[in-house]
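The next block holds one structure in the form of structure tokens; read it before the comments.
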């Protein structure tokens, strides 16, 4: 880059020389070199302004000939510099005489290389250029070279300082005399450091203004009291307190550092002799053999000027800022964020340091003395130093000695046009030459909408405390003011003002959802069998309150199943006979009988009207009636014969006459069969499963051995078992050598989820732009030729480099504005409004947006091993988890869901999830979520430059000296609050998964799940001394022929910690419950297919088995539900294949009524009464209608 700058600047100078040549054919050679690297863009733009041929033919080192354009010449220049062995490049247009030749020479001393540029042009072509054209070409070229930011140290006039030019701190005796004042030839470390590249870009852009030290010596800025703090004795000193809130960096070998303090005065910190400041400028370090620099290091990037603008009544506000450094701007009671930030500041007359929310600068050129630099030559004839010199050097000249127009002066001066318009320029031999200093005009900043002239303006990196204007997303908190009621028709949740849109209720691993139009009350179905069994029910609600969502735990007491399921007309209400009274049962029979009679009557009438053999239709009915009568008579006769036979046998009746004598002797007869035939025909065996799935470890994987009274079994192999439904258990039974040696491995299905498998994701947040602007006149700073029109977004103006060096998202603009005297410029060409805009995060939190590429089923299992240890694991399809006894894997046969591509999801880490009603976009698009997206949460918080942005997000409105920048971004936090889960879309409810670890979907689906248990030489010990226990049956609640099952509760009293196992007589049913010291109630889920349960178990804790009777009545819950409801329920695991069965139900009905004969008689009685009542009502209705008809007829006649 260093050599490339030399090439470009040499070409420009060479071009200028050729243009002013009028010879027919001239060959000019120029040499150039530089010791500093340089960005080439500005010089290249000027090079393209030269009227070069559109098409060039270039020969690189004479090796190859390439065709290129002037636009591509830049690449060719880079090639000759970078490539080894390429020593020259020659380009010419269609006319071979129009040629540019660049020759790369060998390195020489400190110079990287020597470049010779040759340009040949025809005299006629040169002659077409006017002097005005020549001037417009040469001046921009010189401006590029002279005003490039990196060559400040080579511009001798930068050391021609305004005012006294003193750059030293009083009391520093070792300060070199060259700082009192700064001279052209002398070295002053306090000033020279300001010209180093990249360190103080703001001052370098306004280098002809005063430094802080110069402003102090020119009495523009006062000194602090005390003016300097010794770090070794500065404990508790106020100046040290201000220094500590600044983030600073001091180079090595500096003994002192200075800054502008909060009072608008200069303060400094210093170390004793032979000590240097450490890199953080907070400590002193002694270095042996090192020579300390004789100067003070500036801790802020600033410049100063003289001003009379009063700032005593000036009040500024920084949006959302509570404190900057030691200055408290406002009182903040909420949460604060603290960070080091680059903050602009200014100092006015009679004011303290004023921090600014943004910095808008404008410069007005003027003819004041500080706007000119005057110099003379050392050794100049009749100069102040006219003695002979060994070096060619310049010397500053006091402009006050030059006469103003209409005034008097002691010296004769000459200068440029600007100087001669304000001062008398002599036509004779002058004492000094004066010229206008570029960028030396009056600088004004905008404060509270008013342009004011500050004494000093600059940047510093300081601690800033900001209030979190937008409240962070709150975690899901319990709703302490909500009210819950366990109503018969459902669980009612009432809020205290916010409107609930959807909710999820869960109990015992079973969840149900509900959605509605936003209301302060929502009614949810009871999950599982919680309506009758009672217990805690967790409810998660989505609402329109400030918080994302709320949760509440409702406790419902156990209730009589017949009271909570009291529907008479619905299906489950009709078949729950145990819940009917005599009146309700009669109503049911009457309704069905009436419907049957009406249907038969209608059918008869229709057939009769159509004359379709009504008599023949009645014949089957008559035959059926006759057959029923015959069966009835036979049954009555048989019963009567049996009764008479019994009476005769006991002597109550003899030939139909009552015998009053001694009773006849009772003969021996066989037992009377009674109703055994009917019972055998109608007997149906019930089925139950305590451990929903139970297998016994086979001998192929079990090896047992006995050691005294103890038995040790080793398991090695694989066992396959079906997973239990939600709330139920799958058990592996391990039997020892003895009958009383039994242990179980239980896997309880705690919950089932249909979880989201995430695809692509990104992080986003809320951002706002902040823009800085500065207007510079044409040919001042970087405003030259067409630089403004060709300004690139990634190119930062030098005066904003101190802010632009951060890694935040930023862009740069340049807008051409008016020029001339009316706009404060000498040059009539357009001025340049340079803009630096950066984005900052509004909230100190970020959101993650993701999509779901698939929905997979996942089970949460609670594993109780053989020793009673409990652990909880999550298993997905085809996944495995390792345990202390081996591993367990899950195989699933299930269907997922579809239709989720039309929306995406948002996660607030640790706080919740939300749904977005738009598909996931892979690229940022304006007007959609994710206009700004980052790859990490920290990148969002810092608004890092690595984040992707949609184009043209920031809108600009330039207004001559200032600019407005605005954005219209989608706020993801508003979207998050509006779509916080749970939400219902496409008849599916989406909610946060268990533990808030993802998103799950509720759909009325089921899954077939199998568990594979793999044992790896696991040993199980059966201890000889067993624990004794007693168990008593408490209750049986729940449903039959349902997936929820029934809950069997036992009261267990044990002498220690162990387990209770129970089985029925044939060993087909097992109950396994833990036992603890003392008395404790334990419950387990079982599944039955009959409403009447009466099962005898044998239980044991120590091998001594005792009987246990489990008895109760269950009800049916919604066996037929064809209603379409939005939302859904949690996935059913291994649904029970046996549905509601009529024969099982009728068997329970007969048991309920006391036997089959009594059941048939009661049914017949109810049917007969219903038919009689029906015809009675028909008769009464017909009679009443007839009387009414007759009365109406008589009245009409």
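Glycine is treated like the rest: Cβ placed from N, Cα and C.
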N-linked glycosylation site per Swiss-Prot (candidates: 88, 794): 794
Swiss-Prot annotation of region 'Internal signal sequence for glycoprotein N' - which of the ranges 108-130, 131-153, 154-176, 177-199 it falls on: 131-153
Swiss-Prot annotation of region 'Internal signal sequence for glycoprotein C' - which of the ranges 659-674, 675-690, 691-706 it falls on: 675-690
Where Swiss-Prot places region 'Fusion loop' among the ranges 759-770, 795-806, 807-818, 819-830: 819-830
Stated Swiss-Prot location of transmembrane segment, expressed as one of 541-561, 562-582, 583-603: 583-603
Correct range for region 'Fusion loop' (source Swiss-Prot, candidates 742-748, 749-755, 777-783): 777-783
Listed in sequence order, residues with CB under 8 A of residue 1035 (N-linked glycosylation site) and six or more positions away: 1049, 1112
Neighbours of residue 1077 (N-linked glycosylation site) among the disulfide-bonded residues 482, 756, 823, 1029, 1101 (Cα to Cα, within 10 Å): 1029
Assigned element (helix, strand, coil) containing residue 1101 (disulfide bond), judged by DSSP: coil
Secondary structure of residue 818 (disulfide bond) (DSSP, helix/strand/coil): coil
Neighbouring C-beta atoms (10 Å sphere around the C-beta of residue 479 (disulfide bond)): 23
Neighbours of residue 832 (disulfide bond) among the disulfide-bonded residues 271, 374, 556, 731, 756, 818 (Cα to Cα, within 10 Å): 818
Residue 794 (N-linked glycosylation site): secondary structure state under DSSP, collapsed to three categories: coil
Among 434, 965, which are disulfide-bonded residues, the residue with the most C-beta atoms within 10 angstroms of its C-beta: 434
Cα-Cα distance linking residue 783 (disulfide bond) and residue 818 (disulfide bond), given in Å to the nearest integer: 13
Of the recorded positions listed as 771, 794, 1029, 1083, the one whose CA lies nearest the CA of residue 486 (disulfide bond): 1083
DSSP three-state assignment for residue 479 (disulfide bond): coil
